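Quick look at what Swiss-Prot lists:
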TRANSMEM  10-30  transmembrane segment
TRANSMEM  49-69  transmembrane segment
TRANSMEM  76-96  transmembrane segment
BINDING   Cys152, Cys155, His156, Met182  heme binding site
Amino acid sequence: MDNKSNGKLIALAIGGAVLMGTLFFLVSFLTGYSPAPNHSAILTPLRSFMGWFLLIFCASLIIMGLGKMSGAISDKWFLSFPLSIFVIVMVMFFSLRFYWEKGRTTTVDGKYIRSVEQLNDFLNKPAATSDLPPVPADFDFAAAEKLTDAKCNKCHTLGSVADLFRTKYKKTGQVKLIVKRMQGFPGANISDDEVIEIGTWLQEKF
């Protein structure tokens, strides 16, 4: 395969990637696409376009490379073939690694989360607001824990809903709201004072 044919294949890969990316870019507006409030209406779909471009272009290069290798197998194929695959995979890995340096999860204050450690740190930070009163200095956490275990583990254990509780209610300062919902279930037998006691323990210790 000569250099002219190689140029045509590369041009075809780039042209196909641009065409597909443009198609998805336009369809995103036709389907009523609404970008995130902290991104512009053009920048967000443009990032999606770049993702599709890299995906299709790298896939085209892989197909071209495998085709060339299949036509040039020699007595050294056992060495060239795995090395070529390794190089292709590493190029894709580092291109995606360095291009998407900001991560995929964005907090409301514009920061990015890239790792599990960063996610855990974010979830463990106290909420900015709370629907519970301040914790009294003489609050009995041991008694509140026993009360919570007795009242809040009837239908299911707290551990089974821990992630949902921490992300949807505790992180948004709505612990009292979820305890009030539990109070409304038949047979809950949770008084208004116990709502505060249970909510305080969940907010501070769970």
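Even glycines carry a Cβ here, placed using N, Cα and C.
This view paints the features noted in Swiss-Prot onto the structure.
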residue	record	Cβ contacts under 8 Å, 6 or more apart
Cys152	heme binding site	Leu158, Met182, Ile198
Cys155	heme binding site	Phe185
His156	heme binding site	none
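In the three-state DSSP classification, His156 (heme binding site) falls within coil.
The residues near the heme site, meaning same-chain residues not in Cys152, Cys155, His156, Met182 whose C-beta sits within 8 angstroms of the mean position of the site's C-beta atoms, are Lys151, Asn153, Lys154, Leu158, Val161, Phe185, in sequence order. Counted within 10 Å of its Cβ, the other Cβ atoms near Met182 (heme binding site) come to 16, all protein chains included. Put simply, the two farthest-apart Cα atoms among Cys152, Cys155, His156, Met182, the recorded binders of heme, are 12 Å from each other.
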